[in-house]
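Asks: Please find one structure pasted underneath; my questions will follow.
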Amino acid sequence: MWRRVYLVLLAVRIYFALSPSYIHPDEHFQGPEVIAGDIFDWRITKTWEFTSSTPIRSVFPLWAVYGIPMHLLHWIAPGSEPPSPWLVFNTLRILFFLISFVLEDWALQELIASPRLRRTSLLLLASSFVTWTYQTHTFSNAVETIGVAWALVLIQRIKTSKEAAWLSSGLFGMTVVFCFFNRITFPAFILLPAFQLIPHFLCHPTCMIPLTFTTILTASAAIYYDTVFYSSADTPTISLTSLTSLFETTPVITPINNLLYNASPENLANHGIHPRWTHFLVNLPQLLGPAILCLVTIRRASLPVLSAISGISLLSIFPHQEARFLIPAVPLLLCSISLPRNKILNKLWITSWIIFNVLLGTLFGVFHQGGVIPTQVYLGNLPPTQIPTTAVWWKTYSPPTWLLGAKDGSLITVDLMGSSLDKLIETAKPLADCSRRNYLIAPMSATALDQFVSINSPSQPFTLEKKWEYKNHFNLDDLDFADDGVLPTIQRVVGRRGLAVWKIGKIGC
């Protein structure tokens, strides 16, 4: 029976993997956006993490995770033209689904000895909205989750081995360095579990040889590639010349730059300051839902439990706390809890678990900023005669530039994000030109735009004519319970869901 349920949940994961929701800008701008320009020669937008004089993001793991599949797609694509951005987008989503399905579930089976607990844990993981959404999106946090799980598997293999675990030790060193360059938060999750390696290394000191070798080799490769990437104005190339010139250049060590940046309270204030208890009292319940109540059933300090405690506790020291930072802890805790034994309580818990994950899975996996990606693809697929000169985005997440598949600057993107209506009018008024195509992309729930759709006065700064619409779009940043009230706000955001493309014009055009 449990296998049938697992297969159904597998289909659910595939559905959400192929649904174009948009949870956070980092899933694009700290991943495929950076690599797509070098491989396909598409116009991209690099954020400050990659353009600073002291860059804080390593491109080494990005090339391994995104660059290899993009290169393969480019190689097998028919003709001289690169594959469509939509195909690349869905390929990466399927890839992350497969990584989650194969590697994450496999790691969980190795970490849990009991077959009964293993089945329960796999079903809990497969039915979690975090697995459906965050793990199938191109987040560095999704890569980190897999890295944490397999680092624990390797720790378990090493500490239980009676012989010198050379292979596992070497793989452990490589995994730790790769994941550290991917996210500097990774060591927080393996700090406590790593202490269990000490007895094995004391008993078999030769295991330090492969551990040290792979650690130095992987770190050197990462530093080398980052230095070449950030020192080159053009597409970076790996060659003997670049290796020789490396000794004449100051090495770029992005994790150190990242640590120094995040050590400054002033820098963290730019991204939002949260109370130290946010991870424990807000973010963890948001990710676990009813499973948070089952944490009291944990009786043993297993490797997953130690890892989760280590990661959450250490990350709580820093005042900038986002829920996605705790994603690696979700599978670790789900494989460590026990469900209620009382039949009535068990049924109530399972019902609440299903409702919680269906609601949040639908929200984050389907509707959350769900129109941004389809709209970019729509704009990129317009015939040359219909491509707008300017596209103004208002009250949405930043649109990923790489999804346009553009090789030139023919389409200018203006990202107003959550700017005021006055700022929108100031931006759109000069674009009300009858001789050019200029578009405004905004959520249907933005009722302030209604005045420009209906022509009331010749003195209107501009008019709007709807050209295209994508219905599965919620803009949660548009929730205004204080001014509009709870029910009217929900009716507006849900009832008028959707993202629309409007042609900016003026009376008389």
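The backbone N, Cα and C atoms fix where each Cβ goes, glycine too.
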Asks: In TrEMBL, which of the ranges 93-111, 207-225 has the transmembrane segment annotation?
Replies: 207-225
Asks: So if I exclude everything within five residues of the ends of the transmembrane segment (207-225), which remaining residues of that chain have a CB under 8 angstroms from its CBs? That is, six or more out.
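Replies: Contacts with the transmembrane segment (207-225): 58-61, 63, 158, 164-167, 169-174, 176-178, 181, 200-201, 236, 238, 243, 246, 251-253.
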Asks: Cβ under 8 Å to the transmembrane segment (348-367), counting only same-chain residues 6 or more beyond its ends: which ones?
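Replies: Hits for the transmembrane segment (348-367): 12, 16, 19, 21, 23, 127-129, 132-134, 289-291, 293-294, 339-340, 472-474, 497.
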